Amino acid sequence: MPASSNRSTTTDAPPRTGRVRRLHLPQKLRNLELFLLLIACGINAASVVLVQLGALGRIDTTLVFLGAGLSALVLAMHVVLRVVAREADPFILPIATLLNGLGIAMIYRIDLANGESGWASASVRQTVWSALAIGCAIAVILIIRNHRVLFRYTYIAGFVGVALLLLPLVPGLGREVSGARVWIGVGSFATFQPGEIAKIALAVFFAGYLVRNRDSLSMVGKKFLGMRFPRLRDLGPILVVWALSMSVIIFQRDLGTALLYFGLFLVMLYLATGRLSWVLLGMSLFLGGALIASQTLDYVNGRFRNWLDALNPDVYGADGGSYQLVQGLFGLAKGGLLGTGLGQGRPEITPVPQSDYIIASLGEELGLAGVFAILALYLLLVARGFRIGFAGNDDFGKLLGVGLSFVIALQCFIVIGGVTRVIPLTGLTTPFLAAGGSSLVANWIIVALLLRLSDTVRNQPRLVV
Amino acid sequence: MNRELKRVSIVVLLMFVALLASTTIVQVFQADSLSADARNTRTLYDSYSVERGPILVAGQPIAQSMPAGDEYKFQRTYSNGPLYAPVTGFIPLNGAPTGLEHALNGVLSGTSDAQFFDKMNALITGQNPTGASVEVTIDPVAQQAAWDALGDLTGSVVVSEPATGRILAMVSKPSYDPNLLTVHDNQQVTDNYQALLNDENDPLISRATKTLNPPGSVFKLVVMTAALESGKFTPDSTFPNPATYQLPGSSAIVINSGGGTCGGGDTVTLATALRLSCNIPMAELGLQLGNEAIRDTAEKFGFNTDYSVPLDVSQSVYPTVLDDAQTALSAFGQTDVRATALQMAMVSSAIANGGQLMTPNLVDKVTAPDLSPIQVFEPEAMERVMSAETAATLTQMMVNGVQDGAASNATIDGVKVAGKTGTAENAEDEPYTLWFTGFAPAEDPKYAITVLVEDGGGLGQTGYGNLLAAPIAKDVLEAVLNK
């Protein structure tokens, strides 16, 4: 003992005990996070100021103060991470902060164009929702110290997910906004899209369920065309999720949400079983359902027509036609490579420029350069989530991490792809950017879970990532 | 699981690549066509929000953008609107611009490629881009004189400079006030536009560049050019001189205007035929030349061709298929021969300029806001229509027509005027179209002028070119020569 303690005090190299290394590493990560956070907050503040200079020609301090409050809250979350998740991924929080802030700046810009201000304006509400969402994220980080806890609640999560999804169909509680019945509201205020929260619950459920049942889903079944197809009795889960998605299409009239959940389920199913046959089966089920829906449901049919023939004057002028889509394209075209500059475009011409079409608004004022930057941020965020999947060593955590990240990627693809005519346009919010409280809360909870998962992964002594 | 995860990663990557590609397509490759879409209100607001460059006549703006203080930021105003309407056109609040506002929209709005560095500069400095100013070739004295001389008649006067092709006056009546269409009130613009559109006198249509009329006897200049250039005819070539002439293969009869023979005698020279503007000798000449020869010459003058000055000019027509009777009629500008006033101005200009037709042009130069020149229009040769010799011969024949012939009312004391009148028949009961085209001074032509009077000048089928069109030309020529 004396010899060893002698040696440790006399060598110049830092002592290599596990305890000291654990103290050293998180500081590095958290310092990096703090540095990036400060940059993100700086960009956000600059965007708001630029919006004011562009649209008002002067600086108005109200929203700057609100933004400073948000920055303080995000920094508080950073401090919480220093204590309870020291080895969490340092990129996730700054990216979410930056996207959230850019969204607020653009929503504020549209408020200015529409002459709205004060507590009724979308930007102030978005700021308050952001504060609430970050609060939720901090709570999740503090409460869930180990993600395996969630594994215990697999079926409860599943039940909660389905219940939330179906909640808007309850008479008296559900609200219909622009044709889609995906909202709930009490009285005339506090409308909420429970489906946004449902995606987290469902991701937990899928992860838990698949980890428990992957063997029966992947091992047995007949081989056909070089692929092993599942037994008929194992088709239960995929049929249930499919039926759920179809009911969302039919009763809630929301193509995007259905696509999101079904896509999430398929990807997690594929990850868990490693069998392409599930994906083929699921895709043909969904495409078949969507095809029947496009023939029988007017709104689905209209979406396809708007997508394929947007610039046709008949489609453009029709009720529920491609007017909005084409106006969004006009906005993007106006932005060109470098954009008009914040506060200097006319994003308000496009209907709902602050929610579904926020990417078109940002594209108009920040140009292709700005859109590329935003897409890069999303891609980076998703990539950080996927790292959890690659590096993790418990299947539940891997599945959950990848599932939650994939939900963000798929949601971006559905919305932005819809706006830019890659796929038919369906109503979904752009994660973090678009106006909408439920979406913010859900996405910040995802951030909290990803942070928790990444912390767990790095804490595993066998793997260094 | 990691093998599957890699595949899913690739799928996610492909999804994002698809988004990068789609946004690039929309924002870069389709941007121009989307911006040009008529339904794109952003482009419209932008066209008002930039300080559009002025259109200048002799340094004075005839169209300019004044600060407006509303959402459109600038109000386009036209001073002396009706006088210059056929030149400026207008940029309406809710539609496509016309006239030079349309033809030079790129430079006027500051969005042309020539102004790329200005645009970049504006982007970096944060200043609003400003359009370039356009100096037109119009001479205010000539324009005003033409406007006054035309009076209340329906028609057009075009004055140009034969040696350069510069258009000095371009008047069309009845005209309209472009300011009516630039008020910042959508409904009012629509109402005003509809009212102008429904006006049976078609004030929105420029009689100088857009309407096509049978040229009648002024087309004899084209046929005479073809005859002299063929080498087979001289002014002294003679033709039989009957009082009536039956068209070959037809029961229709051609008579000279006023009836009777052309001058006296059994035969008539081409010089006399042109001087007195007789139809029968021209019909005979036309048949001998054949319609291919006439068409070739007409096309050298600019018939059957699209051109812009840079206003788009309607294509004047010498028909492609003609039988003998129609060929004979076309020799004095009837059947389906059609011409714009500007086209006939090009005919006189070519003769005046020693047979060399210059490209007609309405714009002198385009100047950037910092006064650096963006585009300077130099005189440009368009076509050598005839030899200098032929041009001199024709000039003398036209001088005789004014001094001692059918165009006598264009006579100006002390100035040799060369001219040719025209009285063209439209449909059977419709009023005549009256013409004068010519130039002065004949020995050193400075001004070529074409007068078009539609609708018989209010006299139905009793008016004729020398009565109504020639005096207008005289008034305008006097005004510009005395300047």
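The backbone N, Cα and C atoms fix where each Cβ goes, glycine too.
According to TrEMBL, the feature transmembrane segment maps to A:34-57, A:63-84, A:91-108, A:128-144, A:151-170, A:182-211, A:232-251, A:257-273, A:278-297, A:366-387, A:399-420, A:432-453.
Within the same chain, residues 181-184, 194-195, 197-202, 204-205, 207-209, 211-212, 244, 247-248, 251-252, 261, 396 sit at least 6 positions outside the transmembrane segment (A:151-170) and bring their C-beta atoms closer than 8 Å to a C-beta of that stretch. With a cut-off of 8 Å between Cβ atoms, the residues of this chain six or more beyond the transmembrane segment (A:91-108) that come close are 33, 36-37, 39-41, 43-45, 47-48, 50-51, 63, 67, 70-71, 74, 77-78, 81, 121-123, 126-127, 130, 342, 347, 354, 358, 361-362, 365, 374, 377-378, 380-381, 384-385, 430-435, 440, 443-444, 447, 450-451, 454. When Cβ-Cβ distances under 8 Å to the transmembrane segment (A:278-297) are tallied for each of A:34-57, A:63-84, A:128-144, A:232-251, A:432-453, the top count falls to A:232-251. Tertiary neighbourhood of the transmembrane segment (A:257-273): same-chain residues 165, 182, 195, 198-199, 202-203, 206-207, 210-211, 214, 217-218, 238, 241-242, 244-246, 248-249, 279, 282-283, 286, 389, 395, 398-399, 402-403, 406-407, 410-411, 414, 426, 428, selected by CB-CB distance under 8 Å and a gap of 6+ residues from either end. Residues 162, 165-166, 169, 181, 195, 209, 213, 216-217, 220-221, 257-259, 261-262, 265, 269, 278, 281-282, 285-286, 289-290, 293, 297, 300 of the same chain lie 6 or more positions beyond the ends of the transmembrane segment (A:232-251) yet place their CB under 8 Å from a CB of it.
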